[in-house]
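Undergrad: Let me begin by handing over the structure; questions about it come next.
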């Protein structure tokens, strides 16, 4: 029998770059892998935000020079095959040098050459798709991956290697108490409805411009918490002037503690990025999603449908955000019992153990 103490720890190379939507889930999995005794390294791009996010995470970074080719100019497309080959060779060199046992791709330009390198070297591949519509790189890698993880059901065609895991989320979010208890407690205390508006780190201009008047026009007792981004802070604050006396408003550039914000909210109005939808479900909050209209393949609408189709959320397309439509949408939602029922449905469709599920799958490679 093999002595477990003599078994070499699995070396897993993470592949995620470009946006927080790719990097944060990969980082959650990477930290969990380390806790399980795995060696972890990270394949990154030279200018990607992953370098900053990984700075103090005790994960060695290996960079390959690669950029996206989708929708770019003719010259870049002509050069793309050569850049991909060069990046693939660099990735192969790192993987051989580090004796990588498995790779885990979470999206971004780096995952293409990294996945190709692993395929050539015979290293097993796991991919994870955060959105309800698969990105280009993951669509290609799904053909050769050993495990295909999806956050939302039926993102990929049915196969033995497809697993619906959900998106990894922060522990502070999974620790939030049940929605029924939270909503009932606020109702028993006679609190006005708490409306949370989240535009993301840069703020969402459409939400900042159109929601203040829509909420003022409801003329109901409300506590409004509006995160608008730094650049639009003053403009958004001014839009709430002359709010009804029964409406309390806090406008802020950023929210430091999103777990607390979710915990206190009766209704959240926000974009429908993959991690946002996942966090809303995990926290258990009723939602109105306003999908980003320029999102590739309209994937934010597909993300939002995951909760809208089960009665846990409403979808409001940005192009329809007229005063009349917003009034018709919001008025029926100003009912805590209804919002509580939506929040409970959201929590029922959460997958709070997604991080461990993905880690377990990587361990089987």
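Cβ atoms here come from the backbone N, Cα and C positions, even for glycine.
Since the structure is predicted, the reported quantities are computational estimates derived from the model, not experimental observations.
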Undergrad: Since Swiss-Prot lists 19, 20, 21, 170, 201, 255, 274, 275, 276, 277, 278, 279, 300 for UDP-N-acetyl-alpha-D-glucosamine, which candidate among 131, 353 does it give for that site as well?
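TA: For the UDP-N-acetyl-alpha-D-glucosamine site that includes 19, 20, 21, 170, 201, 255, 274, 275, 276, 277, 278, 279, 300, Swiss-Prot also lists 131.
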Undergrad: On the three-state reduction of DSSP, what should I expect for residue 277 (UDP-N-acetyl-alpha-D-glucosamine binding site)?
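TA: Reduced to three states, the DSSP call for residue 277 (UDP-N-acetyl-alpha-D-glucosamine binding site) is helix.
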Undergrad: What are the sequence-distant neighbours of residue 19 (UDP-N-acetyl-alpha-D-glucosamine binding site), meaning same chain, six or more residues apart, C-beta distance under 8 angstroms?
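TA: When sequence neighbours closer than 6 are ignored, residue 19 (UDP-N-acetyl-alpha-D-glucosamine binding site) has 49, 108 within Cβ distance under 8 Å.
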